[in-house]
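Below is one structure; the comments refer to it alone.
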C-alpha cells in the first residue's frame, strides 16, 4: 500500500472552528464551509433571508411571523435546497461531527429559553384563581381526548407495512399522536392571545387557566410514559435510577435553589435591578438543568420547566431576565429553532406513505373533535355566548411553534416516522395562519364596551353623581389630577387607576387598593397618591393598579370604566413640562395609549395637558380662570357640559369663547340645532354672572391660530372639544401642521411646544361607542 497516497486521501475526524477566510484557497473559496463557524453563519444567513422574504409578503395579509419561520424551513428542506443534508458532511465524514451540530445547539438553546421564560412569566395562581370552569375545561380537555383516542388506537393494525414500522412501534406512534393532540402547550395559547391582544380579556383568562391545568396533566403523563418506556425498553434499574434523578432535581429546585432565589430578591433594594451576576447564574443553571434532565432520559425541557416555577414572576428577577435575554430568544433563537426543526420535513413522504399514516390522521381528527366538544360544552353550560365558546374551543385545539419542538423530540427518539412528523408540522403551519383570522371573526373584545346607554356628562341626570376615572402613569400626574378634581363639585365619585407596564410576566394583574391594602407598598408614590386622593373633600374614591402590557392598557382602562359606570375618563397627555413651564419630554407610549383609548372607550374622554400652572394653582387654593373655546359639534358640547359642573366652585371663573366663521349661516343640521340650544341655555346662565360668554369671528386658519394663541395668555386652563364636526371653521393651513392628532386642531395649538404660555389644556371627546 502506498502510505503517502493513503495519508493524502484521509479526511480528518476533527474540525476547526474559524477559517482564514476566502484567501485560504482562492481556487476553491467554499473551503471556508469546512469550518464550523462560517458554516453556521451561512446557515443562519440563509434562514433569515428566506424568513424576511416570506414575511414581507405574508404580513400584508396580517399573518404573524411564525408561519414565515415554518415556510422558510420547508423551502430549505428536502423539497428544494436540502440545507441540512448539504451541510451534514461539510465538516467531516464522522457522524459525530455533523455539520448541523452547531445550528442544532442554537435550536436547542432556543427551546430551553422559551420553556423557561414561559414558565417564569405565567402566574401559578392563575390555574385556580378563575373559578371552577377553567379547571373543568382543562381537566376534561386532556382526559376525554386521551382516553377516547386510547380506546381506538388498536384498530386497523392487521395491514401494517413492516417496512414502515413494526407493530409495536406503530402503536407507540399512535400514543404519541393521541397525547400530543390531547395536550395544550401554554406558549402556543399565549402567542395567539397576544397576537389578538386579548390576553387580559375574560376569554383570554379562561383559556390560559384551562391550558395551565391541561399542561399539568400532560407533563405528569409525559414523565410517567418516559419512565415506563425506559423500564420496558432499557432496564428496570435504569428506570428506577431516572425516577430517583427526577425526584432529586425536584428537591434541589424547591429546597435549595428556591431559598437562594428568595435571598437574592430580599437583598435587592426595592425599585433597583438585580445584579447581573445573579441573572447570568440563573441562565447557566437553566442550561445545566436541561443537560441533567437529558442525561437521565427525561426531556431536556423538564429542568428549565422546574426552574421556571421557582423563579418569581415580575421584578426584580423576572423583569431582569426578560430585559437581558427575551429579545435574543424570541427574535434570534426561536426563528432558528422553528426553521431548523421544519427543515426536517419531507412533504413527499406524506404522499408516498399515506396508506401507513392515514390512521394517524384519523386519530388527530378524532381527538381534536373530542377536545373541541369538551371545551364547548362547559362554556355553553355556563351561558357563555356561542361564538365565544367556539373561540375558546379553537384556542384549546390550536397548534403552533411550541408543538413543533414536542414533535421533534419524539421524532428524535424514533417514536414517530418522518411522514407523521411532516404531517403534524403541516397542521401546525395551517393552524398558525388560520386560527388568528378565525378568532378575530368570532371574538371581538370591544363588543362589551359598546355603549347601549349614554355614558357622558351631557346626558347625565341633574341629580346623578358625576363618575370620573382618572389615570396616572407617573408621580407628576397626581398633582394635576387632584387639582382638576378640586374644580368639580363635591358630589363626584372618583376611580383612580395607576397604570404600570407589565415586565417579567404574561398575564395582566388588576389590584384593588381598597380591598388589598397590604399590597400597597408604604414607601411608594402610589401610597402617597392613595392618601392624597382620599383627602379630597366629600369625594367617594376607589383606587386600582393595573399591571399590564403597553398595547393592552387601553383595554384595562375601558374595563374598569365599564365596571365603575364612568361618565368620563381623564388621562394625562404624553407631553411633560417642568414646573416653570418649559418643555421636558414626550412619551410616545402614552400617546399611543390615548389614541387607542379614543377609539375604544365606552364613555367620554378627557386628555389633560398640564404645563405646571394647573398643579401649582390647584394645590395652593388660588383662583382659576377657565376658558372654553366653543366652535360646535358634540365634543364641544360635552366640554361645555363638563365646565358647567365647575360653576359651583367659587374659585373658578369661567368664560366661554365662541369662534364663528365669517361664512356661517343658519342650518337645519341636527348638530347646529343642538349647538344653538346649548348656547341659548348658556346665555340664560350668563345672566346669573356664573359664566361669561363672548363671540369672535374668524376668517380662516391663520386667524384661528392667532386667536387661540392670544386667548391662551388669559387663562390658566382651557377646555376644548377634540372634533368640531360640520361646524368646523376653515382650518386651511392648520391640519398639515398638527403634531398631536389625538388632541385635535385646537388642542394641538394649545399644547404646542412653540406656544409661549403656561396654560394647561383639557381636550374632550364625547362618547363614541354607541
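Every residue, even glycine, has its Cβ placed from backbone N, Cα and C.
Per Swiss-Prot, transmembrane segment is recorded for 37-57 (among others), and the stated evidence type is sequence analysis.
Annotation source Swiss-Prot lists transmembrane segment at 61-81 (among others).
The transmembrane segment annotation in Swiss-Prot covers 103-120 (among others).
Residues or ranges marked as transmembrane segment by Swiss-Prot on the basis of sequence analysis: 132-152 (among others).
The transmembrane segment feature in Swiss-Prot is assigned to 175-195 (among others); the stated evidence is sequence analysis.
The transmembrane segment annotation in Swiss-Prot covers 206-226 (among others).
According to Swiss-Prot, the transmembrane segment annotation covers 244-264 (among others). Through the fold, the transmembrane segment (244-264) approaches residues 223, 274, 278, 282, 285, 289, 292-293, 296, 298, 302-303, 306-307, 309-312, 317 of its own chain, all at least 6 residues removed from its boundaries and within a Cβ separation under 8 Å.
Swiss-Prot lists 277-297 (among others) with the feature transmembrane segment.
Residues or ranges marked as transmembrane segment by Swiss-Prot on the basis of sequence analysis: 327-344 (among others).
Annotation comment: Swiss-Prot describes 361-381 (among others) as transmembrane segment. When Cβ-Cβ distances below 8 Å are used as the criterion, the transmembrane segment (361-381) is approached by residues 133, 136-137, 140-141, 144-146, 148-149, 152-153, 174, 177-178, 181-182, 210, 388-390, 392-394, 396-397, 423-424, 427 of the same chain, each at least six residues removed from its ends.
Sequence annotations record features per position, and here Swiss-Prot assigns transmembrane segment to 423-443 (among others) based on sequence analysis.
By the Cβ criterion (under 8 Å, sequence separation of 6 or more), the transmembrane segment (423-443) is in contact with the transmembrane segment (175-195), since 3+ such pairs are found.
Between the transmembrane segment (277-297) and the transmembrane segment (61-81), the number of CB pairs under 8 angstroms, six or more residues apart, is fewer than three, so the stretches are not in contact.
Contact between the transmembrane segment (103-120) and the transmembrane segment (61-81) is not supported, since fewer than 3 Cβ pairs fall under 8 Å when only residues 6 or more apart in sequence are counted.
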